[in-house]
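Participant: When I checked TrEMBL for this same protein, it listed these features:
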| type | residues | note |
| --- | --- | --- |
| REPEAT | 201-235 | repeat 'PPR' |
| REPEAT | 236-270 | repeat 'PPR' |
| REPEAT | 271-301 | repeat 'PPR' |
| REPEAT | 306-340 | repeat 'PPR' |
| REPEAT | 341-375 | repeat 'PPR' |
| REPEAT | 376-410 | repeat 'PPR' |
| REPEAT | 411-445 | repeat 'PPR' |
| REPEAT | 446-480 | repeat 'PPR' |
| REPEAT | 481-515 | repeat 'PPR' |
| REPEAT | 516-550 | repeat 'PPR' |
| REPEAT | 551-585 | repeat 'PPR' |
| REPEAT | 586-620 | repeat 'PPR' |
Amino acid sequence: MAAFILSKLSSNHYLVLQFFLWVSDQPGFKHSVETYCTALLVLSNGGLRSGIFVLIQRLIFNHSKSFLIEAVDFLVNHSVKPMILDTIIVSLVRVQMFEEVVLVVGVINRHGYILPFHYYNRLVRFLKMNEGILDLKKKCVKNNALHRLKKFGAGDGYTDYSGNKFDPNICKHIGLIRALSHKGKVEVALRLREKLLVVPDIGTYNGMMNCLCKLGYLAKANRLLKEIMEFGLIPNCVTYNTLVDGFCRFNYIDGAFVLLNFMVMNGIKPNRITCNILVNALCSRGQLEDANKLLAKILTEHEASNLITMTILMNGHCREGNMLKARELWDEMLRKGILVDVVSYNVIIKGFCMGGDMSFAYKFFSEMFKKGISPDIVTYNTLINGHCREGKLVEAWIMHSKMSSNGVLPDHISYALVIQGLCLHGNVCRAHQLLHKMLDDSILPDPFVWNLIIDGYGRCGEIELVYEVRDHMLALSVAPNLFTYNALIHTHVKEGYLQGAFMLKEEMFENGILPDVVTYNLLINGLCSFGHVYFAFQLHDEMLRRGYHPDAFTYTELIRGLCISGKTHEAHELLVKMKKMDVPLDHVPYHILITKYCKEKQLNIAFDLYEEMSEKGLRSKACTYHTLIVELTKKGHFKEALQVYHSMGIESAI
């Protein structure tokens, strides 16, 4: 009767489980093999794994061995899903009911039922660990389970009880899976594994997980960890470090710490690499206090002297600009007798350079020579960048020249830093000369360097030189990228060559380069500057069709274009629309509209916009205030003019 009711409840799997548990507690009622199996069959069709596990636990622990075997026989006869049989085997293995495992496998084999490959592979691992316990069942296992294993190519290098060794193709399959993972084709590797029904070794699993983590497929990587444990493999420190690094790489720090706890619970001690990954992640997020605590918690007093970990932590303090803490850590390393290396020096030198303290940077630079530590390319590039940031281009070039005399050849970055500094300070001709020197030194500049020169000449209005550089770039087979085209379009827009700018946009599509928001903003800016606001809105609509999100600059340019075209009311409506869409606002659209309303003598609206701007805490240009004060005074609105005047002093208008 109970089995009949269970079968009728098949549409509601949760109700099946509830009824099974309820009827179990009724006085005088005992489940039969049929009720157990009917419930399991129904639940397997619904995929209710938690319910399946509960029933199998009851089946194993509450009933006799013969009851269990009869139940397995019933399930196999009714074409049960392999997942049910697998759960039974795994549950028995976990509680070390070895004899029952063999009996269950024997029943499965007698029916000619072929389990998926990985279930047999797991059983092989189990048998390897427990051969001594299974003396009475040798014949059953050898004639059945191992026969299946041989047929499916599992059990690499396994020796059966007769001493007969077989060597199937599993090594070749696993090698192929590992190679695919190494090449980044992890999806192909996973599909091949399923097709070949292969259970890889832990090293191959680690390789697949590493690839998944690098691609950001953290959920899939986590599922592989669960699969490893289900298959009876033991995850090692590399396994956990791979996952922890993946979680940290994509900023799921909390998940990384959950994994750390799980790792410790499973008896795997975190090593130096684990600590380095977590400390580096915490430093990247600015959680330096947490990084300090982690360092103290994970490492022993001896390991706390670890140079790599402390250098990472020092780098975190440097990035935060906390050079006092960085110096304390440096002094602590020296006090503990740690032999600092070139990497440690590079970190602290970079910290001082970023903070603009070049004198301290040079102090440590000089100290390196005294200690017999040779500065490397990173050291020199860091000092060059420090000088460029301060606009001291002569000093940057001196350091660039000093590299070669000290036996360190300048690389691409060494040149790019100086070229960037020269371009930022308007010395594009010198930057161009340096580009030629790069080529003379057999260093091919990448698009970033070419773009700097193109953009630099463009800002100077040297459109002929812009194309000369672009042609030279193409002649050396350096393909222009998005930034190249944006620099070229910006040059054309600046010089008023709108037709050429739009031709470049078409050329981008022809070369398979999609424009971005910056590209559209440059073109909209050009159109609005020349009063072509209708076409500017067409470009705005094209942006939306292509899935781009116009930003504050886009709408500000459209407001400016509408004002230029005398459509002040529409411009004001667009500002209202920006606020409704929560587009981040600055003072510029207010400045444009206030100035326009003042020219149109609509001072009430201009003053309302000024008050709205002030309420938002925005500060405009001084000319905005001056224009408003003059126009208010002309109309005799002295009180309002005085209010604007006082706000200028309070807000320190720019």
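In case you wondered, yes, glycine gets a Cβ from its N, Cα and C as well.
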Participant: Mind checking which residues of the chain, 6+ beyond the ends of the repeat 'PPR' (376-410), have their Cβ under 8 Å from one of its Cβ atoms?
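Facilitator: Same-chain contacts beyond the flanks: 342, 345-346, 349-350, 352-354, 356, 358, 361-362, 365, 368, 417-418, 420-422, 424-425, 427, 441, 443.
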Participant: Give residue numbers and ranges for long-range contacts of the repeat 'PPR' (236-270): same chain, 6 or more residues beyond its ends, CB-CB under 8 A.
Facilitator: 202, 205-206, 209-210, 212-214, 216, 218, 221-222, 225, 228, 277-278, 280-282, 285, 287, 298
Participant: When you scan the chain for residues with a C-beta under 8 Å from the repeat 'PPR' (341-375), skipping those not six or more beyond its ends, what do you find?
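Facilitator: Contacts of the repeat 'PPR' (341-375) (Cβ under 8 Å, skipping residues fewer than 6 from its ends): 307, 311, 314-315, 317-319, 321, 323, 326-327, 330, 333, 382-383, 385-387, 389-390, 406-408.
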Participant: For the repeat 'PPR' (376-410), give the DSSP counts of helix residues, strand residues and coil residues.
Facilitator: 26 helix, 0 strand, 9 coil
Participant: Averaged across the repeat 'PPR' (481-515), what pLDDT does the model get? Just tell me the whole number, please.
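Facilitator: A mean pLDDT of 92 is what the model gives the repeat 'PPR' (481-515).
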